[in-house]
Amino acid sequence: MSSLHWYQRNFFQTLIRERQVRFGFVVTTLVLIFALVGPLLVPFEPTALIGMTYGPPEGKAFLGYDYIGHDVWSRVLAGGASIIWMTLAASLVALIMGSSLGILAAFARNKIDQFVTWLTDVFMAFPDLILVLLIVSMLGREPWLIVLTVSIAFIPGVVRLARSVALNLVEQEYIEAARILGYSKTYILFREILPNMLTPLLIHLGVMLTWAVGMLSGLAFLGYGVAPPAADWGLMINENRAGLLVQPWAVFAPVILIALFALGTNVLAEGVGRAAARIEEI
């Protein structure tokens with residue numbers, strides 16, 4: 001028990017000292033702030049046609065105009081909110097649902113475990129992007145449906161991770177000691193097992209954020225994401241790719257921001273993993 005409490009006290013101190021964690025946190029936070037505050041700072045209505053097709057930078061439109069005359073800077077400012085909230089929502093839904101199913105399977109150790117494992121294997125047999133494209137093409141492009149579909153694609157991986165970690169934990173001596181002392185399953189789950197699962201789950205969350213923003217951008221690029229004329233970073237890449245050599249900023253600006261968010265979340269997840277490994281070595 002004492003080792004667990006020591007781990008919890010020192011984990012966040014180790015995180016702060018890890019350079020990768022600081023770098024990833026700063027980059028991710030800056031992109032999040034840009035996406036949240038951006039819609040409040042647009043100089044023009046993102047859907048307004050105010051310039052010529054692929055017009056060059058000028059005045060307030062210092063990134064030029066897109067394929068039908070929208071101000072690129074206004075659409076960049078307004079286009080982050082949709083893809084970022086969908087990325088966060090899909091990843092968090094997958095984390096919550098997947099970890100719940102994984103823990104349930106680990107605790108059950110009966111037909112429930114067998115069924116959850118079988119269902120996970122079935123879903124993991126399908127490539128994530130193909131599964132998402134199949135569902136979205138049949139059911140529509142509503143944002144909530146895209147979020148749900150992407151989260152479904154990620155849930156099997158979380159289930160497998162959570163089940164593996166939980167199975168390892170329930171066999172530890174301090175868990176057996178808690179059972180002998182008469183602690184309830186609820187107490188053991190929330191006080192002993194879940195705290196020990198947080199680190200691998202947080203690392204996987206960071207990886208899922210990277211995957212989700214890439215998948216959502218890919219869906220938009222293929223025409224299965226947010227519907228026009230809405231402003232969305234992934235959609236902007238699809239809309240303006242034909243004029244890349246004429247007006248590159250209409251493509252480069254959203255690509256850079258998506259890449260920064262993916263970089264930040266990936267480095268952050270890697271840093272959390274390094275910090276956890278350092279504590280385990282002590």
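Backbone N, Cα and C atoms are what each Cβ position is placed from, and that goes for glycine too.
A TrEMBL annotation is a machine prediction, not a hand-curated record.
TrEMBL annotations:
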type	residues	note
TRANSMEM	21-42	transmembrane segment
TRANSMEM	83-108	transmembrane segment
DOMAIN	84-269	domain 'ABC transmembrane type-1'
TRANSMEM	115-138	transmembrane segment
TRANSMEM	144-162	transmembrane segment
TRANSMEM	201-226	transmembrane segment
TRANSMEM	246-269	transmembrane segment
Chain residues outside the transmembrane segment (115-138) and at least six past its termini with a C-beta under 8 angstroms from it: 101-102, 104-105, 145-146, 149-150, 152-157, 159-160, 163, 211, 215, 218-219, 222, 224
Best-contacting stretch, by C-beta pairs under 8 Å, relative to the transmembrane segment (21-42) and drawn from 144-162, 201-226, 246-269: 246-269
